[in-house]
Amino acid sequence: MTQSLPLLNGTEAYKLVTTQGLYDKTVKFYEKYLQLVHDKRVGTLTNSLITLKLVVDNSFKPLDVVNDKDWRAIVSSALVFSCTNIQHFRDLAAGETIQAYPNETNPIEIYLKDPNGYIIGITETKNAISIKPTLPKQSVEASLISSRSSRIDIASSGVSTDSSYPAIPKTAKAQKSIAVMTSGGDAPGMNANVRAIVRTAIFKGCNAFVVMEGYEGLVKGGPNYIKQVYWETVRNWSCEGGTNIGTARCKEFREREGRLLGALHLIEAGVDALIVCGGDGSLTGADLFRSEWPSLIRELLDQGRINKVQFDRYQHLNICGTVGSIDNDMSTTDATIGAYSALDRICQAIDYIEATANSHSRAFVVEVMGRNCGWLALLAGISTSADYILIPEKPASSREWQDQMCDIISKHRSRGKRTTIVIVAEGAISADLTPISSKDVHKVLVDRLGLDCRITTLGHVQRGGTAVAYDRILATLQGVEAVNAVLESTPDTPSPLIAINENKITRKPLVESVQLTKSVAEAIHSKDFKKAMQLRDSEFVEHLDNFMAINSADHIEPKLPEHTHMKIAIVNVGAPAGGMNSAVYSMATYCMSQGHKPYAIYNGWTGLTRHESVRSLNWKDLLGWQSRGGSEIGTNRHTPEEADIGLIAYYFQKYGFDGIIIVGGFEAFVSLHQLERARENYTAFRIPMVLIPATLSNNVPGTEYSLGSDTALNSLMQYCDIIKQSAASTRGRVFVVDVQGGNSGYLATHAAVAVGAQVSYVPEEGISLEQLTQDIENLTESFSEAEGRGKFGQLILKSTNASKVLTPEVLAEVITQEAEGHFDAKCAIPGHVQQGGLPSPIDRTRGTRFAIRAVGFIESQHKVLAAEANLDDDDFDFDTPKIIATASVLGVKGSDIVFSSIRQLYDFETELNKRTPKTIHWQSTRTIADHLVGRKKL
């Protein structure tokens, strides 16, 4: 590499401030990367064209420039040098954190940090604004690659990938070839996982391959089964169900000879890393493959099927697993790819069945999948408030389960319930391991209770259709993390499994996770059901306890002694959100099972102050609430101070409330703050108070997840899928979709990941004219490349508050004008459709979980305040940590459910003017959303 030009701005001398401790490192840096010669006498670094003067100042602090943002946007200036061979510089900088533009594979500019934090750039262009390299990097023929995607054959020709994709910091030390395969049973979301893996691998400067038809493709090998794929190959895959690269069971791979063939075919294709998306069986096979790899390639060498060069090149195979299974039966992860999509199908079917069951006062036995795992049956039971569930983890004797089921159903019927829903997992067993079939349950319901009963077996409907938003996003984030994992792996690193715990993507040891999963089945078969439950994650056990509590309600003796019984109220504040009714239903039924008396405040705070709209809740009135959308008890945006906080205190005292649960968005957050601050003046507020965040905006401080945001995300996703279909059918059309969310871009960002939107504009970033110009250029490039390749449409998602001037209508007109006839743009306004209809299973089950946690919080904090109840105002210390903690926000943070005091959140963690948290927890998701669609950020 040679520097053929001085600094681009014409400067030939420049001063750099450093410290004595960093002086030597700085010298070595510029000697290595810029080939400058150090003159110790005068402290300069020079060549024939430029001079850098090093100035030592020990008070100087090195610049702290973060790696996950575009350095060009952060620093005020950068030194940029011109060279004739940027590829040589890229190789020289292998192992350093760099940023390359427009992409790492064929960069025109490369930036890296010197030891002092200064940004140094290298470019092949002749001036600062040129986008053409000084010399051509390759012939035209070399840039033509396959691109057309198809379910049957992925290969085609004629499209260049030399497009300008955004760059992300380089992590790989050397280029790898990464293959992805799907194996075992198919699951919705697998295509999104493959798409993310392929595009992230290409970003990282790696070759991307797919293995067709699972392990069968490995065994058969050749270009028909192990195919190199490219950026545009996986276009729109996230919106499609099943797996486009096929999956199959393969007996041959279970034998060593089959694995030997698999190793040979991977080496022939040049693959040195494999990511497997499948269940525990598929992942077990993958890890066995890795452990045998050294002996397999040695055997291939001895047989003469590979040469010594290949043997030395492919010494190690890096393996990573992502879990694709609708059963959600993998230990160490809260959710597997496809599980929530299957749950959505089940809940939708039961919601439909409920209507016909109510008409005829019938009983329905619904059989769902789950051979060794009752997760689907359990969460479907909670989501639809089923009367009884049968799962393999908690069997009873043949007589016991019949008695228990008949007892609870007869109690429900005697109290006026017209419908009966019993959910049976396909692996349901009694304590002696005798299978329990749907027909067995049907017979008991008919013979013992005399019910008009029907059986519905959902079967493969549960696997079908496109993935829900959660699965698309989970699969995408896990795909990105899987590529990072294989690039960071060493021969000594255990094979990782990409998992999720609450809201956090994590890596777990693959072997241990699979072994734990198998241990559950072994424990069940050995009748050690207690161990089987212990091996399930804590969330599963919590869900089961919750189901039993809300299902029994007040039909049995309360769990708590009478002197501990309390009056607990619940109120909805803010805009309606999916899951609000689930929270009210679960809070009320759980209170009944504990012995507490639940109250509902109807129509928010103004309902209380204007009409004294307070009612105690009884079980029969709540029937069906778990699966209803909106807010059955009514809601509005008024805060206590707007409604009359003194009158609210009066009614609290009149009814003797011992605790209050507020369900809602930012208005509910402000309400909790006002009530907590009013404790000094009103003794009625010296009770435990807790907020359950519920808003589609997901903008409540103290939590990364709010009820209603998943329902809204699914509604918006379905709308966008339909709009995108229209855009693709019309050819050459962009739709600008207006997205709600206030000043939070959460909804727009996550919807962009789920539907593969080309651009998303959010309030946190706004819309600059420069970025809009760049985005229009990207769209023009996309449409020009797509010409002649079938249907192709694009989406732009714009948060309403991203710009008040550039409305969707204006944006569409500007884009159409700038497109100059190559394509056009239309606007689409989904409006309040985004609030959703029926709540999603995630919002239903989390609403239940949060509500029961909230009641538990009130039970524990009531003791703290009871000890201070008799103190005078002067003696009551409002500022002690234990008193402050009695008014809290329930939230999900990372992998934990936490309670954070409202005072801490309101005073230190909230942007009050913007109505958002100060910390944006989903910023990294934005980066991924942009780089997976090739968007350049300025």
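In case you wondered, yes, glycine gets a Cβ from its N, Cα and C as well.
Among the features that Swiss-Prot reports, region 'N-terminal catalytic PFK domain 1' is placed at 1-552.
Note: ARG249 (ATP binding site) has non-local neighbours GLY184, GLY214, GLU216, i.e. same-chain residues 6+ apart with C-beta under 8 A of its own C-beta. What Swiss-Prot records for GLY185, ARG249, CYS250, GLY279, ASP280, GLY281, SER282 is ATP binding site, and it gives sequence analysis as the kind of evidence.
Neighbour density for ASP280 (ATP binding site): within 10 A of its CB lie 26 other CB atoms from the protein chains shown. Taken from Swiss-Prot, the feature Mg(2+) binding site applies to ASP280.
Feature annotation from Swiss-Prot assigns beta-D-fructose 6-phosphate 2 binding site to SER325, ILE326, ASP327, MET369, GLY370, ARG371, GLU426, HIS460, VAL461, GLN462, ARG463; the stated evidence is sequence analysis. Under 8 Å, Cβ to Cβ, and six or more positions away along its own chain, SER325 (beta-D-fructose 6-phosphate 2 binding site) finds GLY184, GLY185, ALA187, GLY278, GLY279, ASP280, THR336, ILE337, GLY338, ALA339.
Summarising the annotation, Swiss-Prot assigns active site, proton acceptor to ASP327. Counting every protein chain shown, 26 other Cβ atoms lie within 10 Å of the Cβ of ASP327 (beta-D-fructose 6-phosphate 2 binding site). ASP327 (beta-D-fructose 6-phosphate 2 binding site) carries neither a helix nor a strand DSSP state and counts as coil.
Swiss-Prot lists ARG362, ARG454 with the feature beta-D-fructose 6-phosphate 1 binding site. Around ARG454 (beta-D-fructose 6-phosphate 1 binding site), the same-chain residues six or more apart in sequence whose CB sits under 8 Å from its CB are ARG362, ALA363, PHE364, VAL365, listed in sequence order.
Long-range Cβ contacts of the region 'Interdomain linker' (553-566) within its own chain (Cβ-Cβ under 8 Å, at least 6 residues beyond either end) map to 408, 411-412, 415, 589, 592-597, 619, 658-659, 858-859, 862. Annotation source Swiss-Prot lists region 'Interdomain linker' at 553-566.
The region 'C-terminal regulatory PFK domain 2' annotation in Swiss-Prot covers 567-938.
In the three-state DSSP scheme, LEU696 (beta-D-fructose 2,6-bisphosphate 2 binding site) is classed as coil. The Cβ of LEU696 (beta-D-fructose 2,6-bisphosphate 2 binding site) has 31 other Cβ atoms within 10 Å, all protein chains considered. Residues annotated as beta-D-fructose 2,6-bisphosphate 2 binding site in Swiss-Prot: ARG637, THR695, LEU696, SER697, ASN698, ASN699, GLN740, GLY741, GLY742, HIS832, VAL833, GLN834, GLN835, ARG915.
The Cβ of LYS826 (beta-D-fructose 2,6-bisphosphate 1 binding site) has 19 neighbouring Cβ atoms from other residues within 10 Å, across all protein chains displayed. DSSP assigns LYS826 (beta-D-fructose 2,6-bisphosphate 1 binding site) to a strand. The beta-D-fructose 2,6-bisphosphate 1 binding site annotation in Swiss-Prot covers ARG733, LYS826 and is backed by sequence analysis.
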Counting each residue once, how many in the region 'Interdomain linker' (553-566) are helix, strand and coil under DSSP?
3 helix, 0 strand, 11 coil
Write out the long-range same-chain contacts of CYS250 (ATP binding site), meaning residues 6 or more apart in sequence whose Cβ is under 8 Å from its Cβ.
GLY214, TYR215, GLU216, LEU218, VAL219, GLY258
Residues SER325, ILE326, ASP327, MET369, GLY370, ARG371, GLU426, HIS460, VAL461, GLN462, ARG463 binding beta-D-fructose 6-phosphate 2 per the record - widest CA separation, whole Å:
16
So among SER282, ARG637, LEU696, GLY742, all listed as binding-site residues, which is physically nearest to VAL461 (beta-D-fructose 6-phosphate 2 binding site)? Use the C-alpha atoms.
SER282
Fewest neighbouring Cβ atoms within 10 Å: which of the binding-site residues GLY185, GLY281, GLY370, GLY742?
GLY281
From the centroid of the CB atoms of GLY185, ARG249, CYS250, GLY279, ASP280, GLY281, SER282, the recorded ATP site, which same-chain residues not already listed sit within 8 A by their CB, in sequence order?
SER183, GLY184, GLY214, GLY278, GLY285
Local Cβ density at ARG463 (beta-D-fructose 6-phosphate 2 binding site) - other Cβ atoms counted within 10 Å:
19
Local confidence of the region 'N-terminal catalytic PFK domain 1' (1-552) - pLDDT mean
84
